[in-house]
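Before any comments, here is the structure.
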Amino acid sequence: NNGSGATNTSNYNVPGIFNLDVGDTNWVITSSFIIFTMQTGFGMLESGCVSIKNEVNIMMKNVADVVLGGLTYWMFGFALSFGSGPCTTPFMGCGNFFVDPTVNDPLMGPINAAFLFQLSFATTATTIVSGAMAERCNFKAYCLFSFLNTVVYCVPAGWAWGEHGFLNRLGYVDIAGSGPVHLIGGSSALASAMMLGPRLGRYDMGNEPLPLGSPVNAVMGLFVLWWGWLAFNSGSTYGISGAKWHYAARAAVQTMMGSFGGGCIGLGYSMFLREGRLDIMDLINSILGSLVSITAGCFLYQSWEALLIGTVGAIVACVSMPLIDKMGIDDPVGASAVHGAAAIWGVIAVGLFADNPEPLDTTSGRSGLFKGGGWYMLGVQTLGAFCLCTWGILSTCLILWLVGKIVPIRMDPYDELIGADLTEHHIRHGQVGVSRAISALRPFYHATADIEDIKNVGSNPGKHRKMDTDAVR
């Protein structure tokens, strides 16, 4: 999220990096549309990773993230990230609440484009958390958490990208959000998984990953995320005017180069560790880990550097996943490892490999340690990773603690055994053991009478009754 622009004359006093000409605005809006499709990718990936009896529930949580998180970002999130009112501090922006430039505002288009782009980033950051809370989080509690979770993202986004932010003023560099989006999302996911505890019976038979509910959905989700990531990184040039279009193209190429390195690691790691068998989640999460790690400096690297950074990011993700399981932290989709651990490497890698992208002022004229820039940038990047990770964990714990005072954050054990699709949404899947669970729990579970008569998804009871009647005749 680095760029440059003209002097701002809007009533909202949006920072200069959001002043866009017509071509830049078109680029930013188009990128925002594509980034929004990443919600589909997250939904498909997460629904593919959980058991079938919870796949609708996880999709509904993704919808809640967009609707509730988007609303609060419009209300106050954008203001806390990029507000420039009199109460603004290096820690938090203030002002520009309820973004709504008038038709007479000469910057109506750029303001709306900038808001839409930042909104797409905010909803992505909040959606990362839903996978780590899958299969045991109370849906009502999750909706309340999603409404408040905007705070977890928007404050550190201001540190990194707002003109007021203390990290930005120190020279922290993060083009497309390895830190403010992925590290915040990953650390928040880790805190959420810790506070919820593991799924019932998760570690009774060891630490090995559970079978996927829909491997095809998971792989399709990877492809949609891969597609959206190109807009995520290329769009963060904030336009194509001047020299920006050169770096937008470079960002796309290096994003792909990083993912190539990650994919190769996923193939090799899985086949070596599993005696020639390719594990789907090893490959998916290695590619996603490489994409996360390349995001911070996507147009600051040469191709071989992008390949190396993606490779290391994939290794970090693949190694972190089993370590987190050994700690007893149940993260069904590996968000803590992919978006957390790999993001730390991605943020630090900028301090090692970054070029000075002349004539853009993305790095304020600095270069990474290996490019003769000294230790300063590496130090700032490391400080940024520490601050973002600490904020993500502590703020999430606080919000979940407050939510837990209002409504239990953990599902009832009987609801968890039967599945959230049936208990929360009255959607009953066939041939996944739901009927057996209901029968077994009937003496103990007060709500079985309410759900026993719910028909299987896709069934037509009236048609079946008519067929039975005709057969008798």
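Every residue, even glycine, has its Cβ placed from backbone N, Cα and C.
Taken verbatim from TrEMBL:
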type	residues	note
DOMAIN	27-426	domain 'Ammonium transporter AmtB-like'
TRANSMEM	27-45	transmembrane segment
TRANSMEM	66-83	transmembrane segment
TRANSMEM	113-134	transmembrane segment
TRANSMEM	141-161	transmembrane segment
TRANSMEM	181-200	transmembrane segment
TRANSMEM	212-232	transmembrane segment
TRANSMEM	252-271	transmembrane segment
TRANSMEM	283-302	transmembrane segment
TRANSMEM	308-324	transmembrane segment
TRANSMEM	336-354	transmembrane segment
TRANSMEM	374-403	transmembrane segment
_Folded-back contacts onto the transmembrane segment (181-200), same chain, C-beta under 8 angstroms, at least six residues removed_ = 121, 124-129, 131-133, 135-137, 149, 152-153, 156-157, 292, 295, 324, 328-332, 335-344, 346-347, 385, 388-397, 400-401, 409-410, 413, 416-417
*Answer yes if the transmembrane segment (374-403) and the transmembrane segment (141-161) have at least three CB pairs under 8 Å among residue pairs 6 or more apart in sequence, and no otherwise.*
yes
*Going along the chain, which residues at least six beyond the ends of the transmembrane segment (336-354) come within the CB cut-off of under 8 Å?*
128, 132, 173-174, 178-179, 182-183, 185-187, 189-190, 193, 285, 288-290, 292-297, 300-301, 305, 309, 312-314, 316-318, 320-321, 324, 329, 363, 366-371, 373, 377-382, 384-385, 388-389
*What same-chain residues lie close to the transmembrane segment (113-134): Cβ under 8 Å, and 6 or more beyond its ends?*
1, 14, 18, 20, 25, 28-29, 31-32, 35-36, 38-39, 42, 45-46, 49-50, 54, 57-58, 61-62, 65-66, 69-70, 73-74, 77-78, 81-82, 99, 142, 146, 149-150, 152-154, 157, 177, 180-182, 184-186, 188-190, 192-193, 196, 232, 235, 238, 331-336, 339, 396
*asked:* Test of understanding: applying the rule of at least three C-beta pairs under 8 Å (pairs 6 or more apart in sequence), is the transmembrane segment (212-232) touching the transmembrane segment (141-161)?
replied: no
*asked:* If you count every Cβ pair below 8 Å, which range out of 27-45, 66-83, 212-232, 252-271, 308-324 shares the most with the transmembrane segment (283-302)?
replied: 252-271
*Long-range neighbours of the transmembrane segment (27-45), counting only residues six or more past its ends (CB under 8 A)*: 20, 58-59, 62, 65-66, 113-114, 116-117, 119-121, 123-124, 127-128, 130-131, 217-218, 220-232, 234-235, 237-240, 248, 284, 333
*Remote residues contacting the transmembrane segment (308-324) - C-beta distance under 8 A, at least 6 residues beyond either end*: 190, 207, 257-266, 269, 281-282, 285-294, 297, 301, 331, 334, 336-338, 340-342, 344-346, 349, 353
*Mean pLDDT, the domain 'Ammonium transporter AmtB-like' (27-426)?*
93
